[in-house]
Amino acid sequence: MTISNITVVGAGVMGRGIAYVSALAGFQTTLVDISKSQLNDARQNMRRIGEKGIERGKVSEAQIENLFIHLHTSTDFKKAVEKADFFIEAVPEKRDLKQTIMNEAEKYAPKHTIFTSNTSTISPTELASYTNRPEQFSVMHFFNPVHVMQLVEIVRGLETSDETVKKVQQVAEKMGKETVEVNEFPGFVTSRISALVGNEAFHMLQEGVASAEDIDKAIKLGLNFPMGPFELGDLVGLDARLNNLRYLHETLGDKFRPAPLLEQYVKAGRLGRKTGKGVYDYTKKGE
Ligand SMILES: NC(=O)c1ccc[n+]([C@@H]2O[C@H](COP(=O)([O-])OP(=O)(O)OC[C@H]3O[C@@H](n4cnc5c(N)ncnc54)[C@H](O)[C@@H]3O)[C@@H](O)[C@H]2O)c1
């Protein structure tokens, strides 16, 4: 079975990025959301990324033109899933919501459709159990920003077949990504390490070890990380970071207990770049 049609559900930070690399790779791509304004915003965002890519010589004008021929947006979940050969879920990191999406997708998807989720932490075995095709399910974990980051983590559930892993690898490679295969553990490889580093940075800020700027600078220049933990947290979203930590705390124990200062930032609505203010204030920087 060749994969031609890919349906991505959720047009937020990740879903739009995944739809971009999917349509650019030549898959007929349908991006679905409950919000029309999110879909419009996603299109505009993809335009900007495409234009920047052309300016920098990363992609040609013809490729971007082709991308928009392959990209479709829709609020009709049923129709989009009915024609999917490959399904990628990218709705917020809430178990109940992901369960509903998997249940609904199972109702409408053809038998051959492969199901994947871009979850950062949730067990693929659990998500697969919300479908009737656990052997055709795996986590496909992309990174932000999707068009720049090279990796896709493929995480097997208990019943994921070798054939499914191979197909997910092929799709990721066609999207220009490198893959790693990971066995099921909460937080996989990347989210587990990233959550720990990000949380520790919040503990240090709370303890007064150094300013946020200096903690970020130390980690970048001393440890050669491309971004500081606060810069990354603000990019990913502090609410998303807190959700991940809560899940890892519940599943892996006390070392993942969220730092009180992070909880406070989220309560205050300081979620990062998307709200204009997180650890840093982007309204002042005019961003
Ligand atoms: N943000 C990151 O850096 C990052 C990185 C890797 C993985 N992830 C994971 O990707 C997933 C999505 O995260 P995000 O940051 O893109 O979230 P987001 O909040 O930016 O976007 C989620 C989108 O889903 C839509 N949505 C909500 N309910 C829906 C429904 N029932 N049907 C269709 N669309 C619906 C929302 O309108 C929104 O546009 C999460 O599981 C997250 O853990 C996020």
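Note: Cβ is positioned from N, Cα and C throughout, glycine not excepted.
Remember, TrEMBL labels are computer predictions, not curated facts.
According to TrEMBL, the feature NAD(+) binding site maps to GLY10, ALA11, GLY12, VAL13, MET14, GLY15, ASP33, GLU93, LYS98, SER120, ASN144, LYS274. DSSP gives ASP33 (NAD(+) binding site) a coil state; it is part of no helix or strand.
The domain '3-hydroxyacyl-CoA dehydrogenase NAD binding' annotation in TrEMBL covers 5-184. Mean predicted confidence for the domain '3-hydroxyacyl-CoA dehydrogenase NAD binding' (5-184): the pLDDT average there is 97.
According to TrEMBL, the feature domain '3-hydroxyacyl-CoA dehydrogenase C-terminal' maps to 187-282.
For the recorded site, HIS141 (site 'Important for catalytic activity'), the DSSP three-state label reads strand. Using a 10 Å Cβ-Cβ cutoff, HIS141 (site 'Important for catalytic activity') registers 25 neighbours. Residues or ranges marked as site 'Important for catalytic activity' in TrEMBL: HIS141.
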Cα-Cα distance linking HIS141 (site 'Important for catalytic activity') and GLY12 (NAD(+) binding site), given in Å to the nearest integer: 15
Secondary structure composition of the domain '3-hydroxyacyl-CoA dehydrogenase C-terminal' (187-282) [DSSP: H/G/I, E/B, coil]: 67 helix, 3 strand, 26 coil
Distance, HIS141 (site 'Important for catalytic activity') to ASP33 (NAD(+) binding site) (CA atoms, angstrom): 19
